[in-house]
Amino acid sequence: MLNFLQKIGKSLMFPIATLPAAALLVRIGYEDMLDIPFMTAAGNGILSNLALIFAIGIAMGFAHDNSGAAAMSGAIGYLVLTSGITAINDSISMGVFAGIIAGVVAGLLYNRFYAIKLPDWLAFFGGKRFVPIITSAAMVLLAALFGYTWAPVQSGIDAIGEWILNAGAIGVGAYGFFNRLLIPVGLHHVINTMIWFDFGTFINAQGETVRGEINRFLNGDPNAGAFLAGFFPVMMFGLPAACLAMYVTAKKERKAAVGGFFISIALTAFLTGVTEPIEFTFMFLSPLLYVVHALLTGASMMIAFAFDAKHGFGFSAGVIDFILNYNLAQNPITLIFIGLGMGAVYFIIFYFLIIKLDLKTPGREDESELAENNVSSSAASGDGYDVRAYHTIEALGGTENIQSIDYCTTRLRLQVQNADLADEKALKRHGARGMMRISKTNLQVIIGTNVEFLADAMKTRVQNGNPEPAALSSAPAEKTVSIAKQLDEDEFMMPIEGKIIPLDQVPDEVFAQGMMGQGFGIEPSGDTFVSPVNGKVISLFPTKHAIGIETDTGIELLIHIGLDTVKLEGQGFETLVKEGQLVQQGTPLIKVDLAYIKEHAPSIVTPVIFTNLVQEKVHLLKTDQQPLGQTAIVTFK
């Protein structure tokens, strides 16, 4: 049951991502801003159809491959369900629950029937085409069931909603407390859905009935915003103050190292209201500290309610939403003063508990722990996500232990054979911020906001058996070579026409910081990469985007074409050599479709890395545009 609810929560992330766009359109179109009615109507087009959007998003999220066929089946299921119920009893309005039910059913039916084979005379309707058909049939049955039974259920939900909305400070405080407390298991999305999108009704200026705290607030309901306002003091002031406390309590010699980290996550919380990166720094270190945070959130909600402050957001409670919706709010300045007070309280409590309990927050780790958790250069490769995915899979017990991979905003959600096989220390060594064993077969690994890219890389690797990345075979830790002499000017040549840039200008942190080794970058303008040296091809990535060569003198180099190009899965690349093949300067290696790569990858910049130097330093002799075959490019000193 817990896993089922978590899956719903994860699936809601995609449709909820439409809310900032809707909120922006509604606010910009209001009379007090640009007074453009059609923009407000466009935004309300999203808000008034959230149930349908939920059906589509949840169906896609439940489908094992996030198929569009499942999404379409969810939409069809919702339309059949609501139309059928209305025909039986037009007073019934299931709201977002209809979308959730339709999405869940469509997703489950897709997983069951997406590959069904029918007799030849019905073959056209087999496979994925069968899913909307069976979904429609299932929705007809559910429409008949809910059409005659939902009325008392709806009355009960409305009664609960009215009780919570009318419970005053106790109601908003309890919501704020549980909203934070349920984050570790991912169930906060479930209660958010009810509060944000279902509880309470309001008739807007167009005569439409809107439901839920966010919808009502954005449509001008003067009674809406009490369940949202109290988040602003916590997210804009409280948690950034907690970051300050963690920085102040860090060891003196570690402050410079963690200062930038704390500034970035505190600024993210202040600007956007995204607080999970902060919360994960102490969530697993001290459950007590996290419970205190949940209690303080509840207290902030109650204080805001006591001062009759009402505010709202389309995304989260950061300064951007605070300013955007300022004219719709009631007593918004009060939230600033509450926030300053909450900031002081957070700082004092966090400072005291960190010192008193000797919590190992970032910057306070023991030396042995730092050494253990330090990510070696072999843990990162020419594609950071690809190699990180390899290590993450291994730390989870290998491909045979992983049953399914999902993710939400900041964490991996995993179904495994045996959760005890997961090695939390190994996960942290390769970038994870923490791990939770939800059950014997259910794991959550906290990654951060880049979790989507890691999850995609992991899925690809699991399908292929998680082979060892080729770059690891040439990692500096495994093999090093001492260069006795500088490369002669004619021993290394430009592998393609293009512009040479220093390594620290490569727009990828792994390369720019020299984690893979020294070298430089090229912005290629040609379409064929040739060997810059005489030697042997020692590694050729299956996705064709990178190649490793060992020179006749034992120098190993890596040419990584573009950034994050492993996700192209070989599209846009044609290999012209094989692994183990001897090559000479000028031997064609890989032909590329530059236009395709530019369109589908973050950058075409190509790092050229010497992966096994010891004490030598790579010095660029030339920069800017250089022709294919140009020599005297680099030297070692």
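The backbone N, Cα and C atoms fix where each Cβ goes, and this holds for glycine too.
Marked as domain 'PTS EIIC type-1' by TrEMBL: 1-366. Look at TrEMBL and you will find 12-30, 36-62, 69-88, 94-110, 130-151, 163-183, 190-207, 227-249, 256-274, 280-305, 335-354 tagged as transmembrane segment. Under the heading domain 'PTS EIIB type-1', TrEMBL lists 386-468. The annotation active site, phosphocysteine intermediate is assigned in TrEMBL to Cys408. Taken from TrEMBL, the feature domain 'PTS EIIA type-1' applies to 508-612.
Residue counts for the domain 'PTS EIIA type-1' (508-612) under DSSP, split into helix (H, G, I), strand (E, B) and coil, are 15 helix, 44 strand, 46 coil. For the domain 'PTS EIIB type-1' (386-468), the model's pLDDT averages out at 84. Helix, strand and coil residue tallies for the domain 'PTS EIIB type-1' (386-468), in that order: 35 helix, 21 strand, 27 coil [DSSP].
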